[in-house]
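Enquirer: Dropping a structure here in structure tokens format, bear with me for questions.
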């Protein structure tokens, strides 16, 4: 056992990747975190090996968010077996620090609800943008969810393009490139990735700002692809763990 400090285990199961982190109950920085590809056929034995790194911590709380519903029972059983606690799951009766209408409450993914929760902890007027398998954004006005926008992710689109273009199949694309203008096919693709990231954030922010001209609108950017965002027209915060933190906040709001 690491110490007597209580920890919360937070699980975010995405379509492509699963991220698991632990936090001290009273802190917002992750103590330990693991990331691995989501496997719809995973089992208790496999998960137990992955999460064994957390056994040394005094884990007394847990929340599991998932956009892959079939995996929830496996995670429930694994966490209960390893830590002797029952994880909390988001449901239609879950309370939030923001207002959400009935329809989006039923349809919006757990991860985006967690992003909303983190956003309103920063400011009552806020947009959150997640760059991952999908590009997703949420807009909150006066602590109320106005709406969201979802598009195919950069990695998915790039992989499909490389599959179709024979000249690109042996080329290495640097998704971390910050160049705005490409001088050949590869650097042009790298420029496109950079401009798509920054352009999506810029446009979504501006549309929200038009709807809320007199507010101090904040912008939170997160997700595995949230790097090299080049925007000078407004301030933004990049927090890779915003969604995990949102789940943590949801847990303690409901328990």
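Every residue number used here counts from 1 along the chain in the order it is shown.
In case you wondered, yes, glycine gets a Cβ from its N, Cα and C as well.
This is the feature table in Swiss-Prot:
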- 12, 13, 14, 15, 16, 17, 18, 19, 133: ATP binding site (BINDING)
- 109, 110, 111, 112, 185: substrate binding site (BINDING)
- 111: active site, proton acceptor (ACT_SITE)
Enquirer: What are the non-local neighbours of residue 109 (substrate binding site), defined as same-chain residues 6+ apart in sequence with CB under 8 A from its CB?
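Expert: Listed in sequence order: 67, 136.
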Enquirer: Among 16, 18, 133, 185, all listed as binding-site residues, which has the most CB atoms within 10 Å of its CB?
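Expert: Compared across 16, 18, 133, 185, the most Cβ atoms within 10 Å surround 18.
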Enquirer: Residue 110 (substrate binding site): which of the binding-site residues 12, 16, 18 have a C-alpha within 10 angstroms of it?
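Expert: Neighbours among binding-site residues, in sequence order: 12.
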Enquirer: I'd like to know which of the binding-site residues 12, 16, 18, 133 sit within 10 A of residue 111 (substrate binding site) at the Cα level.
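Expert: The binding-site residues close to residue 111 (substrate binding site) (Cα within 10 Å), listed in sequence order, are 12.
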Enquirer: How big is the gap, in Å, between the Cα of residue 12 (ATP binding site) and that of residue 112 (substrate binding site), rounded to a whole number?
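Expert: Cα-Cα, rounded: 11 Å.
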